[in-house]
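For reference, TrEMBL has these:
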DOMAIN    34-154  domain 'Piezo transmembrane helical unit'
DOMAIN    289-526  domain 'Piezo THU9 and anchor'
DOMAIN    641-803  domain 'Piezo non-specific cation channel cap'
REGION    158-181  region 'Disordered'
TRANSMEM  14-32  transmembrane segment
TRANSMEM  39-66  transmembrane segment
TRANSMEM  78-96  transmembrane segment
TRANSMEM  291-314  transmembrane segment
TRANSMEM  334-353  transmembrane segment
TRANSMEM  362-384  transmembrane segment
TRANSMEM  396-416  transmembrane segment
TRANSMEM  428-444  transmembrane segment
TRANSMEM  464-483  transmembrane segment
TRANSMEM  504-528  transmembrane segment
TRANSMEM  716-739  transmembrane segment
Amino acid sequence: RMFHDDELEESEKFYVGQPRVLLLIYALYNTLVARSEMVCYFVIILNHMISASMITLVLPILIFLWAMLSVPRPSKRFWMTAIVYTEVAIVIKYFFQFGFFPWNKHVDYTKDKPYHPPNIIGIEKKEGYVHYDLVQLLALFFHRSILKCHGLWDEDEKVDSSSNKEDTDDELSLTGGRRNSSASLTSVNLAASVESIHVHFPEQQTAIRRKSSSSISQLSHRSSFSSHRSKRDIFKNINHTTLSLYFLQCKLYVIKSHCGLCCFRTLQVYVPIRQFFYNLIHPDYSAVTDVYVLMFLADTVDFIIIVFGFWAFGKHSAAADITSSLSEDQVPEAFLVMVLIQFGTMVVDRALYLKKTVMGKVIFQVILVFGIHFWMFFILPGVTERKFSQNTVAQLWYFVKCVYFGLSAYQIRCGYPTRVLGNFLTKSYNYVNLFLFQGFRLVPFLTELRAVMDWVWTDTTLSLSSWICVEDIYAHIFILKCWRESEKRYPQPRGQKKKKVVKYGMGGMIIVLLICIVWFPLLFMSLIKSVAGVTNKPLDVSITITLGGYQPIFTMSAQQNQLKSLDPNEFNDFLRSYRGNTAALQFLEGYAREDITRADLEGNSNSLWTISPPSREKMIQGLRDLDADFTLVISWTIQRTLEEVYPYYIKAPSDSLAKPIKQLLKDCKWENITVSLVKNTSEEWWVLNQLGKKQKTPHESLELFIFSDKVSPPSLGFLAGYGIMGLYASVVLVIGKFVREFFSGISHSIMFEELPNVDRILKLCTDIFLVRETGELELEEDLYAKLIFLYRSPETMIKWTREK
């Protein structure tokens, strides 16, 4: 070896021989050192998520609009700003922890109020008020030490001193001249002072950058650079004393003039910010990258968080889940606003990506950063009536959005790709990309929306129908390419029958799937209540008896302690009483002990019998006439003694209609009850008593057994509510239609499905995308016409798809 060091070799051997746990710790530390700036960003955002105040709001905004947009890395000025700001924030929070401030006397009352001024500013008194700020300061100092160890802390100053050496000499001479000249100030006007301000900014370098960012040749760039150097050489030959005096006169006049001072201060702030964003949009060198997929995934995760946790962005009285609200035909306002905003940002992001406009992306980034931070930390707490730090769903949504902001800043800093060719899932031809791409196409309206948006924001000569035709051909050819690649990886020898693993694996899975689809409603409705069913015991049992059409004579209800469950001994005795009754035992198989409730109703009516005297006399005549029928509401014939009218066993199904259980009523006869009228001096009421009660009680009462059907869990209620026929109509028939199209439409697509080699067609589609991105629109028309002719000519298609 050319370079050999025994100490380094021994050190490497010593390192390799360490335990794996120690090696893992070394690796984690090295990762921490390599990404120390990301650690600082994470701690700053975490501090803001937990504190959620105006004091902690400044640094996250500076991260997304300054640090992450700096090329190649954040400057020393940013890190010093973050360190000093954190130190000042710690001192301010410490100062306002003293109890003599009036808002610190009622902390327990105001700590949960989102719009309490100390809570908004971040100076409220609380335990651990400075913990996260100290961790943040520690992370910043750790990153500062890493930069110093690698010589990157003072790098900006070294670069400026080396690249602008002549400007530095001018500044030094100007500084020296300030001490030696103090006159001739009145001869300089304000225009000259403003011009002197602009001398300090590298206008020539800006012009070079603008030219180099456009499509100007290398020669013109060199010529402009050489002319710039020649001008600088001429500028150096000017007498330094005269120039220093000129600059000093200009600046002193600016300071003397109040209007000029304001102008000077404004330019000092405006010009560096403008130059920062100009350099960002027109960089000298652009490391083009494409992180749109990651940004789209972050937006998708935020979209899912909104759907399943939308209640966290509205009032506390909102429903707990979106399915229950939609089932009642109610669209919560918070859900609607959040979904529309999230979807709108995704559409705008797609448009900027297709137009490749970095300027638009910068503007969109600034609007989103300020808008979302203002909404999340100033508007949302008022809507939800709780602090942001107490809203876990909103914190999760904000953290994912911060990931999106970081990716957007990285995209802006590196620039958009010059060519966008096809879907990101079509970059490889394997099973993963195949199934993900097919799943992407199965999402309703997603493929159509993407195709229309691409057509709107991409320069092309194709009509919308032609565009969709090319997209469909490309998607179909990509799927065929994936299958052909799989056939090459796993070839099937000629003349050899299919293996049983393949036949029973694929064929058996399809058979099981089809059988499950056909019998899904029956299995679902059977298992949903027997396996996953929830016991639904009655809360109130009421009995009302009406003689004919007169005033009800008896009204009674049972609640709480009057509704009792059977103990094991009573349940076993109950089952033994129907040992010889096959129909009853078959019915009881579907019920467990906890599904049966015994209701004990008081025999005395809980309401007085208020009937008019004429109606009373007429009802008495009807009861005395034994030959005439006297009906109840259930239309049974009755006498003084009511025979076989009382339903001893009631089935309470999942719907609202309760039914008597005929299987448990011996010989289909109901129980007998007695009815008597009780009078006192001025009032009267009816008393009912059941004759054949299982629980013998000395006083008049009624006994009722309720069998409660299990109901489906709330999470599956949206399926169980359709019933068996509804599931067959909505699931089996719809799926069966798609399955039938797959099995019956194969013969019509043989010409386009059985293509041995699709590389040439795939290349033709890719060429269409490529010439479109390069602006060769006439060539795009020619290639599209060639593609259409290829699909119209079977003979040409056969030639193009032959194996090479």
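Even glycines carry a Cβ here, placed using N, Cα and C.
Taking every recorded stretch in 14-32, 291-314, 334-353, 362-384, 464-483 and counting its Cβ pairs under 8 Å to the transmembrane segment (396-416), the highest total belongs to 291-314. If you take every residue in the domain 'Piezo THU9 and anchor' (289-526) and average the pLDDT, you get 84. Three or more CB pairs closer than 8 A are found between the transmembrane segment (362-384) and the transmembrane segment (291-314), so contact between the two stretches is assigned (pairs 6 or more residues apart). DSSP states for the domain 'Piezo transmembrane helical unit' (34-154), grouped as helix (H, G, I), strand (E, B) and coil, give 82 helix, 0 strand, 39 coil.
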